[in-house]
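**Q** I am attaching a structure below and will ask some questions about it afterwards.
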Amino acid sequence: MNDLSNKGLKRHKVGLLAVVGTIYSLTAAGAYGIEDMVPSVGPGLCMVMLIIIPLVWAYPQAFVCAEMGSAIPAEGGPYKWVQETCGEFWGFQMGWWRTLGGYFNTVTFVVLASNYMASAFHLTGTQEYIVKIAFIVVFTIVNLRGIKDVAIVNTIISISILAAFTIVAILGFAHYNHSPVQPFIPEGQSLIESIGYGLAIGMWMYGGMEAMSIMSEELEKPQIIPKALMIAIPLIILTYIVPTTAGLSSIGQWDNWGSEGVSYIDVAREYGGPIFFSFFLIVAVLSNVSLFNGYIASTSRGFFVMAADNLCPKFLVKCDKKRGVPYVGVLSVAVVSFIICQFNFTQLVIITVTMSIFASSLTQISGILRRVRKTHPDGPFKLKVSDGVFIAYSSVPFIIGVIALYLNGTDYFLFGIIGVISGPAAYIIIKKVYGGMTSIDPQRYPINPATKLAPGDILRTGVILVMWAILGIIAIFFFPWYEDPAVYAEGYGSPDIFQTFITAIKYLTIAAGIIGIILMIWGKKKDPAKIF
């Protein structure tokens, strides 16, 4: 494995509480966002989904991240795990998909924080943009100071968030007036439709389980990450369910809930008085900027470790000599944030969720393969279940991801095709230009003279394209049956946008299928190798 400690990164002494705080801030940082889930799925189903989603989405990923982070504690986390167990090609795909989505996900929280500020103080569009720029500048500076300062800031913010939601829960339950679980789903809406409307938000709310593991090489004791995960997840579930139940049982009005409608802030305003209302509003903003703060640290190190493997431009490897911070990576996040912070919340989440589905799938595969092939010895943490149980449970997110791809909608699916296909295209170009891992260890990572790529890369590229073609064929028949074109016409302001999406999926499916089959046939003859 490439020793990243030689690239300028420094280890820091960070305690368990600080790591729990960072994981909490990267994954949750309060229940903000659930407000939009309540009217979409119904209060009853919302509560059920908040309990079930972590069991089928968050926990399986957390266990894999815990085992892999313990067995392979390297900077880059999932990227290195996939590279070590599945090979250079899949490692690049994981790093590319996750980091690409990470750039969009990072700025999402700046948008949410500024939206809260704009709503509370009636800011103009220009004033709101200035607030966004200010958040980006301040927390970029914090990250340039190093990972220890990031953990300290996130811990302080996490404690404030927990205190605020604890008070909201107490106030809400003290003024119990309504059933928090009725109706189960909105009237006139099917169960499948309701799940579809809420699944994306739920997955997004429980995302980020692997983020702290990515920075494990900068911790003196990376083995504390698994223990921190086991503490943080139950804390996150309680943070979501308890205040939501309290808010619905006191304020009611479930059908008017939303980030711009009735929410936890109304509980604070109605029952907590002006002082607590002001405090809660401040915490609402801090919740999102803490996520932004943590994700700058995480995302900036995504392309950094790929550059160290000659799979990205070398300038991304540059570190500050005094603090050992990959400052070019941090600044790249800031620059991209400046550009895309004008995107709305929905657009950013569409890209983020779809990319995370495929990136997390490769993480799960790497965890399964390590158990089956015994590629690396167990670390200090190992889930005490049989390999069969581990494989079965670790595979559940695959099913959830496929379901989400279709239930989330046509636009999610189309953007997913474009985002995922960009991975193999970028790999082929970068591998040829920079040489990849072959430049570091040509014996372990040889080149096929016929393709100038690693053996099997053509076959693997074909597999990705054929996979998308199969999913696309299903999509062509499923979406016209499942979705209402009028919803897209209203949302995008174009009466023909839904049909445009379907047509684009058709053409991309045909192209991916034809090219993928050709590459697989040619690859099996001229470029044979294991797919994983």
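Even glycines carry a Cβ here, placed using N, Cα and C.
Whatever TrEMBL says is automated annotation, not expert-curated.
Annotations for this protein, taken from TrEMBL, read as follows:
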TRANSMEM  14-34  transmembrane segment
TRANSMEM  40-59  transmembrane segment
TRANSMEM  103-123  transmembrane segment
TRANSMEM  129-144  transmembrane segment
TRANSMEM  151-176  transmembrane segment
TRANSMEM  271-296  transmembrane segment
TRANSMEM  324-345  transmembrane segment
TRANSMEM  351-369  transmembrane segment
TRANSMEM  390-407  transmembrane segment
TRANSMEM  413-430  transmembrane segment
TRANSMEM  462-481  transmembrane segment
TRANSMEM  501-522  transmembrane segment
**Q** Report, as numbers and ranges, which residues of the same chain sit near the transmembrane segment (351-369): CB under 8 Å and 6 or more residues beyond its ends.
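**A** 60-61, 63-65, 67-68, 78, 81-82, 84-86, 90, 93-94, 97-98, 100-102, 104-105, 108, 200, 203-204, 207, 210, 375, 390-391, 394-395, 397-398, 401, 404-405, 408, 412-413, 415-416, 419-420, 532.
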**Q** Apart from its near flanks, which chain residues at least 6 from the ends of the transmembrane segment (501-522) lie with a Cβ under 8 angstroms of it?
**A** 410-411, 413-414, 417-418, 421, 458-459, 461-469, 472-473, 475-476, 479-480, 488
**Q** Flag the pair the transmembrane segment (413-430) / the transmembrane segment (271-296) as in contact if three or more Cβ pairs fall under 8 Å (sequence separation 6 or more).
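**A** As far as Cβ distances go (cut-off 8 Å, pairs 6 or more apart), the transmembrane segment (413-430) and the transmembrane segment (271-296) do not touch.
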